[in-house]
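Participant: What follows is a single structure, and I will ask about it in a moment.
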Amino acid sequence: MIRIGAFLVGLFFSGWLLVSFGVGAAAYISEPPQPTAEHEFHLHPKKLALSSDGPMGKFDRQQLQRGFQVYKEVCSACHSMRLVAFRNLTELGYTEDEVKAIAANWPTQTPSIDPATGEPTTRPSIASDYIPSPHANETAARAANNNALPPDLSLITKARHGGAAYVYSLLTGYQEPPAELAKKFPDAMPGPGLNYNPYFANLNIAMANPLGSDGIVTYSDGTNATREQMAKDVAAFLVWTAEPTLEKRHQTGWAVLIFLIIATGLGYMAYRNVWAGVKH
Amino acid sequence: MSFSWAKHYEPKSDLTKWLDERLPLPRLVYGAIGGGYPVPRNLNYFWNFGVLAGIALTIQIVTGIIMAMHYAPNALVAFDSTEHIMRDVNWGWMLRYAHANGASFFFIVVYIHIFRGLYFSSYKAPREMIWLLGLVIFLLMMATAFMGYVLPWGQMSFWGAKVITGLFGAIPLVGEPIQQWLLGGFAPDNAALNRFFSLHYLLPFVIAGVVILHIWALHIPGSSNPTGVEVKQESDTVPFHPYYTAKDGFGLGVFLILFCSVLFFAPNALGHPDNYIPANPLSTPAHIVPEWYFWPFYAILRAFTFDFFIVPAKLLGVLAMFASILLLFFLPWLDRSPVRSGNYRPLFRTFFIILVLDVLLLGYLGGAPAEEPYVMLSQLASAYYFAHFLIILPIISKIEKPKPLPFSITESVLGKASSGTAGGPVLQPAE
């Protein structure tokens, strides 16, 4: 009984799947799916080598400080960094006094209002404050950005396929839309307020090119602030913001692995020793 | 224990004698995983995975309990409290990466354990109950893993919860009320998150309970072995301790090396980037995919694209997905071949290899976007999956001519000459 029932159930599911396959395949052959603009013009991220890559990776603190400077002077105008507190910046190699100074120049909104004007008031941030967001809420952020919401950047390198390489490619990927795109997919051309960027999922990104020209920041360590360099530095910084514990993870990993390899080697010898003389 | 030559626990000190008369716990352990449990001497490394699954469950429970001390199951703060664990809790990043990757490794281990059972027909009499309880554990694991993935309240958490509970919405008439009852609302929100957290904390202990039943049922007939020939004599077995404790110790070391390599050097490789974006009910991700260990079933779910008369395709997909797991419960009665081990079943072995490739293909397709040619391929692969268990397996168990089996485990290990029962009749399965 069980086998007859099973046979019928199997026949039904397999049979209907094969019928579905046949119908789908016929449709696929008679009307092959049209290639989309994303399929033809979207590019995978460029290669980006950072010192934090790989199992031995460590942060280049000089680079993180440069990246932080780019975030502070460029990105932070629109993008929040909710999960990073000023106190965390000591991990970039800043002293406590430097961190306090950075925080003091970055006002935090207070819950109270100015009794004279009714406007919200601010106070200088302290080290334990989180980096203040440029906009009070999502509505304000959209209102200031042509109805596009600038994503929070704290976790961005973990929240996108390609990670840091994606951020770097996107920042250096702005270009004129190719003539072929206008010819083949006129609908995929950037509309008003949108910019062509082949590294962005649907090719049209609301963010204007933030690193439009070389030298928009002046690095204190003398590094030449080319567009490439700034994009690389801020990508490296965003790897840190997404995972400040990365270095500790790598170091712990090696200690654990070395221990485990020795323990497993001993375990193997114990196993061979116990089984010596017993054929199996 | 069933074998007459099994050693009995003998308390040596006054303390253990005193204890043995009042609470014979050491006696229980000795008989279960100590010197008192005779195990076939010829087990290969595939028999390590039962113990490894138990260890993976333990890792999940320990890391999970500690994380629950820092996590807040509230839709407003769940995402941030997860990041609080990653950033501010001492060693919190390690706990969370161990827990997230621990789930993946738990499934890897259990999938190998299940396919070991399929190849060596460990589900056949007298071990049906072990197999059935194992499937119950597998179902509980899937429920637990699904609810755990919702807890960080990222985009995939939210949309995964929406899609999976939406499956119940496909049931005619009562589907939508059931879905709303499961979620405590019309869409996943605080009510769903809270109950998922509560159940995610509860179910691992239910799993642990069923694991005890699973091991209890195992100790009635004893472990199977790669020849599939039952234990006949003392020389077929060795005591679990020290022989298999030593072997499992080595196996555990290898497992931990692989696990820790991923945990410390590629902790996000098995996850989806979208889950680092906070849940947003107003923004649907481009591709909603569950965790990788559900991909084969997800591919079966999506393979149904055409209504069958009045049955909508979505309901067919849901039925097929549940059927793909439930049919495993009937396996002991579908495969009638008296020979257990695939090593002696050439035809079965061929189809088994096709099944493994088929399930791997289904896994790949389940993670791919719902576009052609992936949908067509998943239709073919799903068709084979059902045909394999429900049609092919019962037929080959009737028509196949198995290779001759060794008389005993001892003979298979030492050869005919050294076997104490040389010249005995070679067991031939009835044709």
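Using the three backbone atoms N, Cα and C, a Cβ is placed for every residue, glycine included.
Pulled these features from TrEMBL for this protein:
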- A:CYS75, A:CYS78, A:HIS79, A:MET207: heme c binding site (BINDING)
- A:62-171: domain 'Cytochrome c' (DOMAIN)
- A:253-271: transmembrane segment (TRANSMEM)
Participant: By a simple count, how many Cβ atoms lie within 10 Å of the Cβ of A:MET207 (heme c binding site), its own Cβ left out?
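Facilitator: The answer is 20.
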Participant: Grab the same-chain neighbours of the transmembrane segment (A:253-271) for me: Cβ-Cβ under 8 Å, and only residues 6 or more beyond its ends, written as numbers and ranges.
Facilitator: 55
Participant: DSSP helix, strand and coil counts for the domain 'Cytochrome c' (A:62-171)?
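Facilitator: Helix/strand/coil tally for the domain 'Cytochrome c' (A:62-171): 47 helix, 14 strand, 49 coil.
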Participant: Near A:HIS79 (heme c binding site), how many other Cβ atoms are within 10 Å of its Cβ?
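Facilitator: Total other Cβ atoms inside 10 Å, all chains included: 20.
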Participant: State, in Å as a whole number, the widest CA to CA span among the heme c-binding residues A:CYS75, A:CYS78, A:HIS79, A:MET207 given in the record.
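Facilitator: Between the most distant Cα atoms of the heme c site, 11 Å.
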Participant: Excluding A:CYS75, A:CYS78, A:HIS79, A:MET207 themselves, which residues in that chain have a Cβ inside 8 Å of the centre of the Cβ atoms defining the heme c site?
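Facilitator: Once A:CYS75, A:CYS78, A:HIS79, A:MET207 are set aside, the remaining close residues are A:VAL74, A:SER76, A:ALA77, A:PRO150, A:LEU153, A:PRO210.
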